[in-house]
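Trainee: Supplied in structure tokens, the structure appears directly below.
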Amino acid sequence: MAKTTPSSPSAAAAAELVVKSVNTIRFLAIDAVENVKSGHPGMPMGCAPMGHVLFDEFMKFNPKNPYWFNRDRFVLSAGHGAMLLYGLLHLAGYDSVKVEDLKGLRQWGSKTPAHPENFETPGVEVTTGPLGQGVGSAVGLALAEKHLGARYNKPDFEMVDHYTYMILGDGCQMEGISNEASSLAAHWGLGKLIALYDDNHITIDGDTDLAFTEDVGKRFEALGWHVLTVANGNDGYDEIREAIKVAKSVTDKPTLIKVATTIGFGSPNKANTYGVHGNALGPKEAEATRQNLGWPYETFHVPDDVKKHWSRHISEGAELESAWNAKFAEYEKKYPKEAAELKSIITGELPLGWEKALPTYTPESPGNPTRTLSHQNLNAVAAVLPGLIGGSADLTASNMAFLKSSGDFQKETPTGRNLKFGAREHGMGAICNGVALHSPGLVPFSATYFVFTDYMRAAIRIAALSKARVVYIMTHDSIGLGEDGPTHQPVEHLASFRAMPNILVLRPADGNETAGAYKVAVENAGRPSILSLSRQKLPQLPGTSVEGVGRGGYVISDNSKDGEKPEVILMGTGSELEIAARAGEELRKEGKKVRVVSLVSWELFGEQSKEYKEMVLPSEVTARVSVEAGSTFGWERFVGLKGRAVGIDRFGASASAERLYKEFGITVEAVVAAAKELC
């Protein structure tokens, strides 16, 4: 928009067009919600001014290529206000949000789901909805920009240069995850992160005075943010513009802009009430709002002058991307190595033969905890994947989740690939989601004790829903951790994550399986992976393989003769595969025909052909025993009604690992006894 003096005719016309554009956004939200009688009109009505100013006057993007690498990122953390984002994408010319899509809000098969979903709607950067998740994701996006810029920008070429903007609400501010992530954003000095806080003082239960009376601005100042205030977010367009300009000038810390808004602005009877949060206005109030705001148009109408004004973003966006592409071509000539790495991060293309970097193991290789084997494989992968970056929630040494060849990512050392999250599991999870969704070739890893996934489950679920490739390095995965006791010993966790859609749970037993788990995690770009790893030392087992892990389940030993079926099948995962293997040897000494199967990943095994699954677990063999130091829930799928599942269906206890395995009956003897009952 051209700069003009407020008194000139062009200034008056421009100001009038802004108001009309903002009201277009408001009524697209009102009409979409009224059309399906479901949704949240209040937030888009109140936030339309800041949304308009941000998208129309500040953000750089290409509507015809929503995935242009150097675009500014926008996160609607208050995801229930999705119609604000859909309306902005529609006006800006994104093909993903046509008027038909607006009419299909929250309906089956639409590109406009109730809350923004990155995999459904091009132009949506991250999936939001559970309050506060978007704050963490936005921090991850800003972290990725700072890190990649530090690694690949040159004095004469600034190839990574974008801002991350977000709009968050009172609910986001109340959630603990937002404070965890915001604390790290300030610590890391993410100066290109700008948060606009929809400060409307209304929650679902009523006024924020009911439960939220803290001074948010002072809290963020204490965290280390730059804090600005817009007193009039309803029509104070110059205030909003000036605040964003000032925020962009502050480069050493993130900025929070407190924008005082009125939820449901323009509604004569429902504005500034919780009744407009999650309910349609109703026909009478919608019409009254039209009268109040002087909106004479039919539903879903975009006035021609508004349409023309916004249409420039198509050509401007194409020009921005074209200029960047030309600049990258020059960069590639001068800095071929850096350009090749950056291109792999932008495209997500894996180096040819990258998996050859993974270590190999034999039964004669020394035994190790799988957390140690994970460390070996993590560092091998880091050497060939420049986009691998991550860290632990204050358990780096215990999780063994660090890159030896790299330093720490800090405010003054942003090239480091090791992230120190502190004891902030939930924030860590959401931040890694943002990193993963910034660029296809970024592969974030996050680590903690397996039991503490309870602190970050919501973020892991969002990763699975978002198809985000995050690698979760979860150590101390059973009673095998020993004396720390039941608060730290996971029991139900494997079962609970196996129940979660679109996530891989991998529980490797030794070096070959750990290498296979890393191969699977890296190659599955459309879903996250949990690596469930032991604290205790485990032997390298005969018969395990990287290839077997890729199938999720496979035979590691079988003494049946060709053409014969085994009398009994023993199944195990992780640290208990050794127990199954030893039990098999004991039974074979007694003349039994025994097959031992590693079920390292139920999800991958379930995706194999019916023929392959029948080959590994022939249906006519009903004598089956599983062994796993966790809940037996779900094992009936594999052992059947006639089989036995050896496991733990109570909380653990404080004792040595050896004593715990004995007391809970997770032993070779218990597996042998169960097998003998069946065959």
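Glycine is treated like the rest: Cβ placed from N, Cα and C.
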Trainee: Given Swiss-Prot annotates Asn200, Ile202 as Mg(2+)-binding, which of Asp170, Asp215, Asp235 belongs to that site as well?
Mentor: Asp170
Trainee: The thiamine diphosphate site in Swiss-Prot includes Gly129, Pro130, Leu131, Gly171, Asn200, His277, Glu425, Phe452. Which of His52, His80, His375 is also listed there?
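Mentor: That thiamine diphosphate site, as Swiss-Prot gives it, pairs Gly129, Pro130, Leu131, Gly171, Asn200, His277, Glu425, Phe452 with His80.
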Trainee: For the substrate site that Swiss-Prot describes with His40, His277, Arg371, His476, Asp484, Arg535, which of these is also annotated: Ser249, Ser344, Ser398, Ser446?
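Mentor: Of the residues offered, the record points to Ser398.
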Trainee: What does DSSP call His80 (thiamine diphosphate binding site) in the simple three-state scheme?
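Mentor: Note: His80 (thiamine diphosphate binding site) is helical by DSSP.
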Trainee: Which residue, out of the recorded positions His40, His277, His476, shows the minimum number of other Cβ atoms inside 10 Å of its Cβ in this structure?
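Mentor: Counting other Cβ atoms within 10 Å of each of the recorded positions His40, His277, His476 gives the minimum at His277.
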Trainee: Cα within 10 Å of Gly171 (thiamine diphosphate binding site): which of the recorded positions His40, Ser398, Glu425, His476, Asp484, Arg535 qualify?
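Mentor: Matched recorded positions: none.
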Trainee: With DSSP assignments reduced to helix, strand and coil, which class does Glu425 (active site, proton donor) get?
Mentor: helix
Trainee: Cβ distance under 8 Å to Asp484 (substrate binding site), same chain, sequence separation 6 or more: which residues?
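Mentor: Listed in sequence order: His476, Ser654.
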Trainee: Based on Cα coordinates, which of the following binding-site residues are within 10 Å of Glu425 (active site, proton donor): His80, Pro130, Ser398, Phe452, Arg535?
Mentor: Phe452
